[in-house]
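Asks: Mind having a look at this structure? Questions to follow.
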Amino acid sequence: MYINYLKDLIGFKSVTPESDGAIEYIDDLLKQHGFKTEIKIFGDSKSEQATNLYAVFGSNEPNICFVGHVDVVPAGNHELWHNASPFKASHQDGKIYGRGAVDMKGAIACFLAASLDFIKNNTGFKGSISFLLTSDEEGKAKHGTKEMLQYIYDQGHKMDFAIVGEPTCEKEIGDTIKIGRRGSVNFKLNIEGLSGHVAYPHKANNPLPCLIKILNELTNIRLDKGTEFFQSSNLEVTNIDVGNNTSNVIPASTEASFNIRFNNLHSAETLAKQVEEIIKRYCKEYKVDYKLEYSSSADSFIQNPNDKIKDFADIVERVLKIKPEFSTSGGTSDARFVKDYCPLVEFGLLSETAHKINEYTKISDLQKLYDVYYNFLMEIL
């Protein structure tokens with residue numbers, strides 16, 4: 001059934017933060033199989049509203065919760081897709097093409113099939129199964145999983161273990177389990193100099209030499225050497241703007257943006273302090289003023305592999321005959337919110353085609369993911 005579920009889900013044009021009926025489709029399906037469900041819409045303005053679903057079967061412990069998102073990134077030029085239709089699943093050569101196939105409607109389809117089959121085959125099992133789904137993960141992630149977690153806990157619900165269905169695997173299904181994520185902090189630096197004619201530099205103060213020195217040091221500094229589960233923290237310059245299209249004018253100001261992806265040796269605050277010390281030193285040398293702003297969308301986190309995390313890894317190895325690696329690589333995900341409530345793993349399909357034109361998953365990979373999810377439920381519940 002996971003193939004049919006995936007095809008149906010791809011058919012919803014759920015570009016973030018829109019659900020376009022995907023949440024409602026899952027809600028109806030789960031209701032038909034005895035789940036208690038609730039849809040909540042959070043967000044003040046229409047453009048920011050997110051549709052969220054919590055569904056639960058059973059009331060006993062332990063509760064295994066699948067956390068995911070139905071929203072997808074824009075599909076780009078539709079003409080470049082198979083059948084020129086990214087929101088109509090295309091089944092070719094043992095693959096299913098469509099926006100969201102791996103990120104992450106494929107994982108949702110697999111857990112839907114696994115959980116419904118498990119319930120059918122195991123009446124009276126000892127625990128409970130739940131879904132927490134949102135249409136707001138690929139965008140701002142303000143009114144999705146974060147708000148829904150707080151809401152369901154206020155209602156008395158509890159999760160004992162969560163599976164976040166992000167596309168985590170690198171080369172084959174089962175090679176990677178995420179147990180943490182790097183943090184992310186964005187910086188915007190504005191340096192104010194004094195404009196003037198390029199022929200009279202002594203009557204001006206060009207802010208660019210100062211910025212060049214700052215960025216050179218920032219991009220060459222070694223923030224750390226990494227840890228057991230984390231690669232070293234990394235700074236990338238993302239934009240430089242002087243707003244000057246004239247070749248004979250020294251600019252009055254310049255602006256640069258950069259991002260740091262950091263491990264658990266840092267926080268956004270400690271990095272901001274380190275960055276500002278460098279900026280302050282060069283701005284004093286060049287006698288220019290500066291303004292530094294920063295915002296963090298996620299802190300770094302890491303979980304020590306507990307019994308259920310190890311159980312999950314053992315299931316992967318037993319079912320797929322591959323020993324998974326614990327990893328923290330990649331970007332941010334909603335796992336950063338879930339980790340405050342319960343232990344978790346992130347485990348899904350291959351990440352190779354996520355967000356790309358002609359995103360696809362192999363049907364054989366869907367079967368493998370289904371097998372892992374089903375066998376984990378059998379082991380724990």
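Heads up, the Cβ atoms here are built off N, Cα and C, so glycines get one too.
Keep in mind the model is a prediction, meaning the values are calculated, not measured.
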Asks: Taking His69, His78, His197 as the options, which does Swiss-Prot list with Asp103, Glu166 at the Zn(2+) 1 site?
Replies: His69
Asks: According to Swiss-Prot, Asp103, Glu138 bind Zn(2+) 2; identify which of His266, His355 is listed for that same site.
Replies: His355
Asks: Which of Asp71, Glu138 (the recorded positions) has the most other Cβ atoms within 10 Å?
Replies: Asp71
Asks: Give the distance between the Cα atoms of Glu166 (Zn(2+) 1 binding site) and Glu137 (active site, proton acceptor), rounded to the nearest whole Å.
Replies: 11
Asks: Would you mind pulling the DSSP three-state label for Glu138 (Zn(2+) 2 binding site)?
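Replies: The residue in question, Glu138 (Zn(2+) 2 binding site), is coil (DSSP, three-state).
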Asks: His69, His355: which of these binding-site residues has the highest Cβ count within 10 Å of its own Cβ?
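Replies: Of the binding-site residues His69, His355, the highest Cβ count within 10 Å belongs to His69.
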Asks: Can you tell me the three-state DSSP label for Asp103 (Zn(2+) 1 binding site)?
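Replies: Where Asp103 (Zn(2+) 1 binding site) sits, the three-state DSSP reduction gives helix.
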Asks: Roughly how many angstrom lie between the C-alpha atoms of Glu138 (Zn(2+) 2 binding site) and Asp71 (active site)?
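Replies: With distance taken Cα to Cα, Asp71 (active site) is 7 Å from Glu138 (Zn(2+) 2 binding site).
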Asks: Name, in the order they occur in the sequence, the residues of the same chain whose CB lies under 8 A from the CB of Asp103 (Zn(2+) 1 binding site) and which sit 6 or more residues away.
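Replies: Long-range Cβ contacts: Val72, Val73, Glu166, Pro167, Ser351, Ala354, His355, Glu359.
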